[in-house]
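J.: Questions regarding the structure given below will be posed in turn.
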Amino acid sequence: MDNRTIVILGITGSIGIQTVEVIQSLGNFHILGGTYHKNKDLADAISQKHNLSNLISTSRGYDLAIEMLEKLRPDITLVAIPGFSSLILALKAIEVSKRVLLASKEALVCGGWLIKEKLKNCETNLIPVDSEHTALMQIYEEPFEEVIITSSGGALRDWELHNLHNAKPKDVLKHPVWKMGERITVDSATMVNKAFEVFEASEYFNIPISKIRVLIHKEGIVHAGILLCDSTIKLHLGFADMKVPIAYALTYPERKYKKPSWPDLVNTNLSFENVDETRYPAFKLLYEISENYAKRTAYNASDEIAVQNFLEEKIKFTDIPKVIEKVVESTNGQVRDLKDLIQIDKESRKKALEVIRCL
């Protein structure tokens with residue numbers, strides 16, 4: 001494989017850091033540049049180690065990041081920044097790169113149809129980085145009856161329902177399987193993250209929401225499954241290690257990453273449970289809003305505001321779904337373009353703060 005150039009949007013985040021480590025292991029990739037938000041010290045350390053001449057802070061907006069992509073036109077762009085802005089950057093990355101690795105869920109949640117329209121006009125491969133979607137990509141086969149996405153259930157999965165309102169950020173951030181950023185770890189506990197992944201799977205593979213089933217799988221070994229028409233079930237198993245899907249996305253369709261160990265099938269029990277929608281009220285909203293990008297954008301924006309306020313201990317954990325539901329209910333209409341989505345995102349954040357003030 002010839003050396004490929006890459007820009008990492010979100011180089012100081014969990015996915016960004018692990019991507020840098022994977023690239024060090026693989027070789028054959030040259031990091032041209034990256035973005036960071038506020039962690040300048042870590043960004044400078046990465047830049048010095050890898051001799052990056054293009055390092056952009058996004059703390060004041062994303063215009064410079066867009067300019068960097070236009071100037072560098074890397075072979076690969078990794079979009080690994082949280083929030084709605086990932087949609088804007090993903091659209092630009094599709095324009096300028098041959099391959100876009102998408103780790104930011106919000107891009108497809110809020111603007112899936114925009115991403116797919118852009119892909120029609122560009123010779124770009126969009127590759128998922130999420131463990132569930134890269135797993136599904138590897139086992140996908142038609143015709144099928146149903147696909148399965150698994151969920152750990154988050155840090156509070158074994159708490160009594162009547163105690164959930166007492167959960168503090170330190171409790172919620174103790175994820176039982178994965179090591180991730182703060183927002184996504186909270187989203188795992190509410191299963192908002194899994195709702196995002198259902199939307200993503202629908203967009204990536206053009207699957208109706210009704211054919212995507214989520215199961216609680218506490219062991220974190222099975223990442224996805226597919227039920228085929230002849231009663232066969234295919235499952236994808238692997239360690240809870242994001243470096244594996246990152247490496248696969250970088251080298252697809254080849255496997256270049258070496259990790260000579262596998263889950264112990266003899267001494268591991270695999271269990272599956274249906275989702276308790278009483279425990280995860282924000283999750284069940286996905287079925288009501290799946291066809292409405294305005295409400296999906298409101299869902300994302302209100303969640304982001306609610307999670308931040310929970311992490312700052314301004315609201316209770318059980319207030320998060322209440323904020324989301326009220327904002328989504330108050331969001332009406334359809335969207336025509338990116339401008340409409342940006343406006344809804346802005347309005348939804350404002351509404352979320354208003355709801356929080358009234359709790």
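Any Cβ shown, glycine's included, is placed from N, Cα and C.
From Swiss-Prot, for reference:
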BINDING   Thr12, Gly13, Ser14, Ile15, Lys38, Asn39, Glu106, Gly181  NADPH binding site
BINDING   Lys105, Ser131, Glu132, Ser152, His175, Ser188, Asn193, Lys194, Glu197  1-deoxy-D-xylulose 5-phosphate binding site
BINDING   Asp130, Glu132, Glu197  Mn(2+) binding site
J.: In three-state terms from DSSP, label Lys38 (NADPH binding site) for me.
T.: coil
J.: How big is the NADPH site in terms of the longest C-alpha to C-alpha distance among Thr12, Gly13, Ser14, Ile15, Lys38, Asn39, Glu106, Gly181, in angstrom?
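T.: About 22 Å separates the two most distant Cα atoms.
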J.: Look up Thr12 (NADPH binding site) in the DSSP assignment and reduce it to helix, strand or coil.
T.: coil
J.: Out of Lys105, His175, give me whichever of these binding-site residues has the highest number of other Cβ atoms within 10 Å.
T.: Lys105
J.: So how many other Cβ atoms are close to Glu197 (1-deoxy-D-xylulose 5-phosphate binding site), meaning within 10 Å of its Cβ?
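T.: Taking all protein chains shown, Glu197 (1-deoxy-D-xylulose 5-phosphate binding site) has 27 Cβ neighbours within 10 Å.
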J.: Cα of Asn39 (NADPH binding site) to Cα of Lys105 (1-deoxy-D-xylulose 5-phosphate binding site): how many Å, rounded?
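T.: That comes out at 22 Å between the alpha carbons.
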J.: Consider the binding-site residues Thr12, Ile15, Asp130 and say which one has the Cα lying nearest the Cα of Lys105 (1-deoxy-D-xylulose 5-phosphate binding site).
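T.: That would be Asp130, the closest of Thr12, Ile15, Asp130 to Lys105 (1-deoxy-D-xylulose 5-phosphate binding site).
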J.: List the Cα distance (Å, whole number) between Thr12 (NADPH binding site) and Glu132 (1-deoxy-D-xylulose 5-phosphate binding site).
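T.: One finds 23 Å between the Cα atoms of these residues.
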J.: Give the sequence-ordered set of same-chain residues, not counting Asp130, Glu132, Glu197, with Cβ within 8 Å of the centre of the Cβ atoms defining the Mn(2+) site.
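T.: Sorted by sequence, the hits are Lys105, Pro128, Ser131, His133, Leu136, Ile149, Lys194, Phe196, Glu200, Ala201, His223, Ala224.
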J.: I need the CA-to-CA distance for Glu106 (NADPH binding site) versus Glu197 (1-deoxy-D-xylulose 5-phosphate binding site), whole Å please.
T.: 10
J.: What binding-site residues in the list Gly13, Ser14, Lys38, Gly181, Glu197 lie within 10 angstroms of Asp130 (Mn(2+) binding site), counting C-alpha atoms?
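T.: Hits: Glu197.
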J.: Other than its own, how many Cβ atoms are within 10 Å of the Cβ belonging to Ile15 (NADPH binding site)?
T.: 28
J.: Quick one: largest C-alpha distance among Lys105, Ser131, Glu132, Ser152, His175, Ser188, Asn193, Lys194, Glu197, binding 1-deoxy-D-xylulose 5-phosphate per the record, in angstrom?
T.: 19
